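**Student:** Dumping the structure here so I can ask a few things about it.
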Amino acid sequence: MKLTCVLIVAVLFLTACQLTTAASYARSERQHPDLGSSDQNSKLTKRCLGSGETCWLDSSCCSFSCTNNVCF
């Protein structure tokens with residue numbers, strides 16, 4: 001009888017620990033969406049413009065040379 005009670009308490013304790021961990025993991029995923037998949041991160045990565053592409057600033061071109069709104 002004592003052993004059964006100890007086992008039941010242990011199982012309940014471990015279940016509570018898992019539920020707490022799962023809830024905190026899901027909460028941290030919502031708070032830090034930028035730590036998501038690498039596909040999402042690659043979409044957010046700014047790339048430079050190649051030769052012949054339309055530009056507005058020198059810094060947006062890979063060569064840092066924007067003349068008449070075209071990268072050189």
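Positions of Cβ are set from backbone N, Cα and C atoms, glycine also.
Keep in mind the model is a prediction, meaning the values are calculated, not measured.
Annotations for this protein, taken from Swiss-Prot, read as follows:
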- Cys48-Cys62: disulfide bond (DISULFID)
- Cys55-Cys66: disulfide bond (DISULFID)
- Cys61-Cys71: disulfide bond (DISULFID)
- 26-45: region 'Disordered' (REGION)
- 1-22: signal peptide (SIGNAL)
**Student:** Enter the number of other CB atoms within 10 angstroms of the CB of Cys66 (disulfide bond).
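**Tutor:** Total other Cβ atoms inside 10 Å, all chains included: 19.
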**Student:** In sequence order, which same-chain residues at least six apart have a C-beta under 8 angstroms from Cys48 (disulfide bond)?
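**Tutor:** For Cys48 (disulfide bond), the qualifying residues are Ser60, Cys61, Cys62.
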**Student:** Name the residue among the disulfide-bonded residues Cys55, Cys61, Cys62, Cys71 whose Cβ has the smallest number of other Cβ atoms within 10 Å.
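**Tutor:** Relative to the other disulfide-bonded residues in Cys55, Cys61, Cys62, Cys71, Cys62 has the fewest Cβ atoms within 10 Å.
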**Student:** Through the lens of DSSP with three states only, how would you label Cys66 (disulfide bond)?
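**Tutor:** Its secondary structure by DSSP: strand.
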